[in-house]
Amino acid sequence: MVFLPLKWSLATMSFLLSSLLALLTVSTPSWCQSTEASPKRSDGTPFPWNKIRLPEYVIPVHYDLLIHANLTTLTFWGTTKVEITASQPTSTIILHSHHLQISRATLRKGAGERLSEEPLQVLEHPRQEQIALLAPEPLLVGLPYTVVIHYAGNLSETFHGFYKSTYRTKEGELRILASTQFEPTAARMAFPCFDEPAFKASFSIKIRREPRHLAISNMPLVKSVTVAEGLIEDHFDVTVKMSTYLVAFIISDFESVSKITKSGVKVSVYAVPDKINQADYALDAAVTLLEFYEDYFSIPYPLPKQDLAAIPDFQSGAMENWGLTTYRESALLFDAEKSSASSKLGITMTVAHELAHQWFGNLVTMEWWNDLWLNEGFAKFMEFVSVSVTHPELKVGDYFFGKCFDAMEVDALNSSHPVSTPVENPAQIREMFDDVSYDKGACILNMLREYLSADAFKSGIVQYLQKHSYKNTKNEDLWDSMASICPTDGVKGMDGFCSRSQHSSSSSHWHQEGVDVKTMMNTWTLQKGFPLITITVRGRNVHMKQEHYMKGSDGAPDTGYLWHVPLTFITSKSDMVHRFLLKTKTDVLILPEEVEWIKFNVGMNGYYIVHYEDDGWDSLTGLLKGTHTAVSSNDRASLINNAFQLVSIGKLSIEKALDLSLYLKHETEIMPVFQGLNELIPMYKLMEKRDMNEVETQFKAFLIRLLRDLIDKQTWTDEGSVSERMLRSQLLLLACVHNYQPCVQRAEGYFRKWKESNGNLSLPVDVTLAVFAVGAQSTEGWDFLYSKYQFSLSSTEKSQIEFALCRTQNKEKLQWLLDESFKGDKIKTQEFPQILTLIGRNPVGYPLAWQFLRKNWNKLVQKFELGSSSIAHMVMGTTNQFSTRTRLEEVKGFFSSLKENGSQLRCVQQTIETIEENIGWMDKNFDKIRVWLQSEKLERM
């Protein structure tokens, strides 16, 4: 599943632009072990099970599902037939059911003339989302039984389970469809089932529908028959063995376009009829990517078809249901005339992510949600591996390390968690869908590939997939597969891989020791956080020290953590990558000669940050100001990031970090510029929350002066590579938002002409965001933009307008946006988390956003689910730029009052830590920034 993280942009679905858009706009509930008595029937029969996890002695083998949804009454009924076996005698069958009305349950045994069917007594435990079926006599070990359950339910008004979605045609007609979103624990909302990933089974699915509708599911349609009342019953082929959360079905009036891969797999994209002309790009990308994965994994895609469906109402970014992946429209549909370059990048990466899941996650699935990263970390990592080959023009490899910085931002907090961490209840499970599971997971895999070599790493994961196909795995299963490729005894592994002699190194450490992958990677998956590596150069001796990097403390936290850190470095004397495996707290390596500078973590391929003691930072700052291209753009971006992260823990002064940033005046590459903005913009956002207007204004002016030359070079066109176009879009937006008059005047001219054409003038896509942001500042412009928003068929255009509308300084209009997006009539509720956060970043809007969150909390967690990434996004988006003690006390007071309805959410702990960090940071650095802004070096800019 692609979740939409805190730093998101629905306008682009791009991991790159997300953080900048947000910046420019201006543990868990305690119900996993219930203390209340188990529920009882009216006759006093108690519920026979008191754990969240299901017992393991009843095993599902095959499901036969019949579901009929009425899109007029918004209800559905169904029959679930589950073939089961028992591994021990039992008269109790425990499975999941949530918000379903069970009308009858029976147990079938035997076959032919000896077939018998007995009624089962049904007990419900709503709090645990379980039902118990009590048989009149114990089930016998090894014999086949079939449980038959008749039930009914209402189509969900949320974004999970079997839920209602709507859209309007060009003519304004409202149409209704029904779709599913089961991951992680919502299959139980559509049919009673053993809703845990380890209970894999096959599925036969039948859907009843009206003739005017179309039904699709995981497998191809086998036949359709007419049944009572003129309804059509679609029978779909039997699935492969899979987890319940991967089941999917959609009843709609969608249309589709299709192509066939080289291996004969039919790939189709489904969308509402008015938008099917936007499906071609995703279709071509899906075909290419599916073919790539079949070749890379050396395992054929096991299903005969792969559908991709754009759902009008969708909470996350996308979902990997086997054979029927589902997406937000903005994550799948590409309008050649109006979609941005970053939208193309985002769509490509999202499709790559979901198709990677067809192997990582679907074919091989984590045993339990504590190892979710085995699914999501791999899928995130494979996005970059695949797209770098299938779409080289996108140059996605340059952007990978940005995901590591995103992960580090939350992993630096005490409230972070290990990549693999225990979870039990649904809210805890939902909280696992975060930057640590996705981005840190991907980053440590990339680090491992860099350490082992690409070929050895590939061989290891192919063996992992082949060995565990249609099964479930734990952390150690992956390391065991890697270990078989790379033995720990120092002997060359399979096919000669893992021989360290293939790497040049100034150190014997890398050569002589065996590659103990499991021991090494356990330090990265079983410990939270990441190391700070401190480098001290004494002549030819390089002293290295590792400690746990954690914000909120000027000293290293006393966690006792040690990592096996595969260090890489280059020097002023050699651009060859040198390698050193640091397994102890301190170590020393000896260079062949003295050097002027040394740069560790080459290309940001390692998940750690580096501090250079003594004059180390001065040397690197001088290098950047003199010949910044002496190191790669990724290395330049990582230096910017590391410098400002060190300010947070008191290892480097804010003046030195700001001095380093001055080199950006000569920078032209996207990643260093974006990283510079990611570090500098939050500084004045913190000032906004303290009403420090004078210094805030000076800082914004400094930022524009710093990048003015690059801004002035931007053309108001759609020319150039994807990275050049994304850089243009963000620089022009930055300039216009900060009232840089050459930009504002040009944007005003474009907006005036666009408005005079009634929105028919074709604007350059790359400048549209800046044009709309300027146009929305007037009441007339805002109203015109909203009128166009209502009827636009382009996801990119709608999101660009949405962004602009949230930029207004009119509080009444901001409040209206909050109210209407929450209602969902005029603006879809799926947009609400983004709108709330955009308004939370608006200097005049953030009090409105914070008040709205508090006032509507109970409704929000009902709609978006406690523990979901959407709830985390809203909590962090409305509060994590607060920088005063008054706001901190407000935040603490509100969330503590929620008790089990949110007080222990990880995002709440994160935002409290972040606000405390903001307060401390401002107290220590604000006066220094004020003085620095008046320094002579700035006068010479």
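Think of each number as a place in line: the chain as shown, counted from 1.
Including glycine, each Cβ sits where the backbone N, Cα and C put it.
As annotated by Swiss-Prot, transmembrane segment applies to 2-21.
The feature topological domain 'Lumenal' is assigned by Swiss-Prot to 22-941.
According to Swiss-Prot, the feature N-linked glycosylation site maps to Asn70 (among others). The Cβ of Asn70 (N-linked glycosylation site) lies under 8 Å from the Cβ of Phe76, each of these being in the same chain and 6 or more residues away along the sequence.
Taking all protein chains in view, 17 other C-beta atoms sit within 10 angstroms of the C-beta of Asn154 (N-linked glycosylation site). Asn154 (N-linked glycosylation site) falls within a strand when secondary structure is assigned with DSSP. Taken from Swiss-Prot, the feature N-linked glycosylation site covers Asn154 (among others).
Using a 10 Å radius centred on the Cβ of His353 (Zn(2+) binding site) and all shown protein chains, the other Cβ atoms total 29. According to Swiss-Prot, the feature Zn(2+) binding site maps to His353, His357, Glu376.
A helical conformation is recorded for Glu354 (active site, proton acceptor) in the three-state DSSP classification. Around the Cβ of Glu354 (active site, proton acceptor), the number of neighbouring Cβ atoms within 10 Å comes to 29. Taken from Swiss-Prot, the feature active site, proton acceptor applies to Glu354, supported by sequence analysis.
Summarising the annotation, Swiss-Prot assigns disulfide bond to Cys404-Cys443 (among others). In the three-state DSSP scheme, Cys443 (disulfide bond) falls into the helix class.
Summarising the annotation, Swiss-Prot assigns N-linked glycosylation site to Asn414 (among others). Around the Cβ of Asn414 (N-linked glycosylation site), 15 further Cβ atoms fall within 10 Å across all displayed protein chains.
For Tyr438, the entry in Swiss-Prot reads site 'Transition state stabilizer'.
Within 10 Å of the C-beta of Cys736 (disulfide bond) there are 28 other C-beta atoms, taking all protein chains into account. Look at Swiss-Prot and you will find Cys736-Cys743 (among others) tagged as disulfide bond.
Marked as N-linked glycosylation site by Swiss-Prot on the basis of experimental evidence: Asn760 (among others). Of all Cβ atoms in the protein chains displayed, 7 besides its own lie within 10 Å of the Cβ of Asn760 (N-linked glycosylation site).
Per Swiss-Prot, N-linked glycosylation site is recorded for Asn901 (among others), and the stated evidence type is sequence analysis. If you draw a 10 Å sphere around the CB of Asn901 (N-linked glycosylation site), it holds 16 other CB atoms from the protein chains shown.
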### Task
Out of the recorded positions Asn154, Glu354, Asn414, Cys736, Asn760, give me the one sitting nearest to Cys404 (disulfide bond) by CA distance.
Asn414
### Same chain, 6+ residues apart, C-beta under 8 Å of the C-beta of Cys443 (disulfide bond), given in sequence order
Phe400, Phe401, Lys403, Cys404, Ala407, Tyr607
### Query
How many Å separate the Cα atoms of Asn760 (N-linked glycosylation site) and His353 (Zn(2+) binding site)?
35
### Task
According to DSSP, folded down to helix, strand and coil, what is Asn414 (N-linked glycosylation site)?
coil
### Message
Just to verify a number: CA distance, Cys743 (disulfide bond) to His353 (Zn(2+) binding site), in angstrom, no decimals.
### Response
37
### Query
If you count Cβ atoms within 10 Å of each one, which of the disulfide-bonded residues Cys404, Cys743 comes out on top?
Cys404
### Message
My understanding is the cutoff is Cβ-Cβ under 8 Å with a sequence separation of 6 or more in the same chain; which residues meet that for Glu376 (Zn(2+) binding site)?
### Response
Met1, Gly361, Phe433, Ser437, Tyr438, Gly441
#### Entry: Between Cys736 (disulfide bond) and Asn901 (N-linked glycosylation site): CA-CA distance (Å)
41
### Message
What's the number of neighbouring CB atoms sitting within 10 A of the CB on His357 (Zn(2+) binding site)?
### Response
26
